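Asks: Let me begin by handing over the structure; questions about it come next.
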Amino acid sequence: MYLIGNISIYLGIVISLYGIIANIVGIKKKSSKWLESARGAVLSLAFVASIASFLLLYLLGTSQFQYKYVASYTNESLPMAYKLTAFWAGNAGSLLLWAFLLALYGAMVVFSKEKKNPMMPYVSSILMVNILFFFTVMALNANPFEMTDKIPADGKGLNPMLQNPGMILHPVTLYMGYVGLAVPFAFGIAALILKRMDSEWIKLTRRWTLLAWLFLTLGNVIGGWWAYLELGWGGYWAWDPVENASFLPWLTVSAFLHSVMIQERKNMLKTWNVSLIILSYILTLFGTFLVRSGILTSVHAFGDSNLGTYFLVFMAFMMLFSLYVVMTRYGLIKKDSSPIEAYFSKESSFLLNNLILVAAAFAVFWGTMYPLISETFTGTKVNVGAPYFNKVMAPILLVLIVLMGICPLIAWQKAVFEKFMKNMLWPLAMGVATAIILFAFGVKGIYAIIGLSATSFMFGTHLQEFVRGINARRKATKENILKAAFKLTVKNQRRYGGYIVHIGIAIIAVGVISSHTYSTEVLKTVDVGNSIKTGDYSLKFNELTEHTKNGNGIVVADIDVTYKGKDIGKIKPEKIFYETWPEPSTEVSIKTNWSQDLYVVLSSWENKDKVTFMVKVNPFVSWIWIGGIIMVIGTAFALIGGRPTTFRYQINKGISKVGG
Amino acid sequence: MNRKILITTLLLLIVIPGMTTAFTYNSKEFKQIIGQLDMQGHADHELSTCSVKKIYYDEVIEMLNGGKTETEIIQSYVDEYGQAALRTPGGGTSGWIAWGMPAAGVGIGSVIVGVWLRKLTVKKAESKLETKEEWTSEVEKEIAVKTFDEERRKLF
């Protein structure tokens, strides 16, 4: 096993080196044999990475404690699901996961229907440079197949915080997003190297980019859900450096997904788009660097090695290489770019949207790095915590929501202001009505009311777009409303997929604004039989019991809950004392309804009869998870259908000609 | 004797309200102060499992009950740990740079986009297609054109 594992890692290095060389020779000699051989190398890499990955899974699942990695992250009593997911609990395993996913992506790309595309040898070389880096780091610094000096009787076990279904999915989805971005990056660079300044690379990578964005979204939402359930502080997003690291590429890819639409339709913003995808890719490396370097304090416990240096060097190399390619082709890119026809047009509004998204990314980057910058240049240690990000990001995200409401109403090429105002009437009325209703019901907090009204306006715009589309279709075909709605969305999957994503964002925004502004918290010590009252809830503490499960001691509080005087059942927050972990783990208990979460933490106890609880009432938190699911559905909807926009325009042009 | 009773009564009247308004973890003032403290990086930890956070909580409660104001309490921590005591950048050059830079970024970005737009934009006569009042919106136009196309394909 030891040999197979190590051979697979070293083979990974050799094969990726060979693949790169075969591609270079193939390109130089214009030899299809060499290029075919390089394609074989990518497939072999996927095979080798699969062997290494399945081997590690086997070692983890069968508790082979003679391997350092297995002994460090699992133990005998760990349930099988968590034994296997310990794969990505540490540095070595997560690097292997990265290499495995990248190799799979690489194989899918080079064996896609575009395999004969002249860009492909460049694309596969760039992907193989990435794979080479990961295998090299594993061989030099973080080998998952390293043996222990002395075989321990049992392993150290997995961090209790990672023993949650959220942690099974969160790292994998996030990695699939990170790794997925290497594909459009490789295509962008390949197009530049080949001096193909048209939008072909964008069309070829649309689905890859959307897929990466989908996984990044999913990864972030699941991460928030895990934090909410597992960390016990009652929140879902702490603006932790590592959380920020995954949010940064999400923001820049969001900008990219919008601006490529302009390049597809209008042949504009070529430099901008290629810069955005390079930036997004570099940010994925930067994120990994942050997680692994330990240069910033984070709840993510990866920063215990010198892996950061490797990532810093690789990041610098890729950045300089990309910069060189862009600079040497800059004149060509600019040469045949089309101009914008009017300030007041969809093109301009997309540019503005890009500015806001990039500004948001800059603000997050700045806040994340400022403690380090400040200490380096001024010698003063400064913390930049959640209150900073909340204050800085709130206005930026508010503008973004307003823009999301305005953009769909603006026409391409040149919008007419009067028509725009007419289109905006109903959504605006919806926003104003929301503000009035909130005031009328005595809701406090002017900023939250502004935010909720803006969200309502944005939602109204999208609702109106759906209604208008359905009506237009019905007018033309006399179809019934359901058929028209179905056909409208199916025939325009890109547009309506995007609108569904925006609706998901509106729902998340309601959850974020409400839970942030109107959350209440009570920390109270009660005796058996006594109650804690908060909001419409009353919690009666019955008893504190103790039992063991999988060798771990569990203390459970039994609480009866009433809502507005009506019995709604029991709630049982726990504390788990793991044998292999010094600190107890908190298992929060949550009761959810459509408008709020009752979030209870068993905080501490003096004796069995006197216990302290933290009780939070978090409004609309479940909307965040629902919004996340809607976003994923919308993205998947846009992903599985929809032809490139230019193709659609060719049809439309044809119609115009036929129609005279 | 009467004087002694009077003084004791007066003292009690002063002390009792103070006792009844003793601060707890649920007090608004307490939450306001604790929300500003980094607590040596333990601010986001869970109270029950974090001993450092517990010490800070008790210290703040003690200071509040000792009659200290929010400003005094915050200042006492800044005196002890410097700016690192706070969760967000405070005053001084460092604080100004931290808070001002995102705004400057947005401002500079707006100027760049403005200039860019100016460079990219060409004055052109309004397109006939856009000025026609045939379609009330861009969506309606596109949907209708696509639908006509589908119908045509069905028929021919």
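The backbone N, Cα and C atoms fix where each Cβ goes, and this holds for glycine too.
Just lifted these from TrEMBL, have a look:
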- A:88-293: domain 'Cytochrome c assembly protein' (DOMAIN)
- A:312-640: domain 'Cytochrome c-type biogenesis protein CcmF C-terminal' (DOMAIN)
- A:6-26: transmembrane segment (TRANSMEM)
- A:80-107: transmembrane segment (TRANSMEM)
- A:119-140: transmembrane segment (TRANSMEM)
- A:175-194: transmembrane segment (TRANSMEM)
- A:206-227: transmembrane segment (TRANSMEM)
- A:247-262: transmembrane segment (TRANSMEM)
- A:274-295: transmembrane segment (TRANSMEM)
- A:307-330: transmembrane segment (TRANSMEM)
- A:393-412: transmembrane segment (TRANSMEM)
- A:424-441: transmembrane segment (TRANSMEM)
- A:447-467: transmembrane segment (TRANSMEM)
- A:496-518: transmembrane segment (TRANSMEM)
Asks: Which residues of the chain, 6 or more past the ends of the transmembrane segment (A:274-295), have a CB below 8 A from one of its CBs?
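Replies: Sequence-distant neighbours of the transmembrane segment (A:274-295): 91, 98, 178-179, 181-182, 184-185, 188-189, 191-192, 209, 241-242, 245-246, 248-249, 252-253, 255-256, 259, 302-305, 307-309, 311-312, 314-315, 318-319, 322, 326, 333, 354, 358, 361, 368, 372.
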Asks: Using Cβ distances below 8 Å and needing 3 or more such pairs, separated by at least 6 in sequence, tell me whether the transmembrane segment (A:393-412) contacts the transmembrane segment (A:424-441).
Replies: yes
Asks: Quickly jot the same-chain residues contacting the transmembrane segment (A:424-441) by Cβ under 8 Å, restricted to those at least six beyond its ends, or write none.
Replies: 405-406, 409, 449-450, 452-454, 456-461, 463-464
Asks: For the transmembrane segment (A:119-140), name the stretch out of A:80-107, A:175-194, A:206-227 with the most CB-CB pairs under 8 Å.
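Replies: Out of the listed stretches, A:175-194 contacts the transmembrane segment (A:119-140) most.
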Asks: Where else in the chain does the transmembrane segment (A:247-262) make close Cβ contacts, counting only residues six or more beyond its ends and a cut-off under 8 Å?
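Replies: Tertiary neighbours of the transmembrane segment (A:247-262) are 177-178, 181, 184, 199, 202, 206, 209-210, 212-213, 216-217, 220, 268-269, 272-273, 276-277, 279-281, 283-284, 286-287, 347, 350-351, 353-354, 357-358, 360-361, 364-365, 368, 645.
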Asks: Would you kindly list the residues that approach the transmembrane segment (A:175-194) from elsewhere in its chain, counting only those six or more residues past its ends and only Cβ-Cβ distances under 8 Å?
Replies: 88, 94, 97-98, 101-102, 105, 109, 118-120, 122-124, 126-127, 130, 200-201, 204-205, 208-209, 211-219, 246, 249-250, 253, 256, 273-274, 277-278, 280-281, 284, 287-288, 321-322, 325-326, 329, 333
Asks: Where does the mean pLDDT land for the domain 'Cytochrome c assembly protein' (A:88-293)?
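Replies: Over the domain 'Cytochrome c assembly protein' (A:88-293), the predicted model scores a mean pLDDT of 90.
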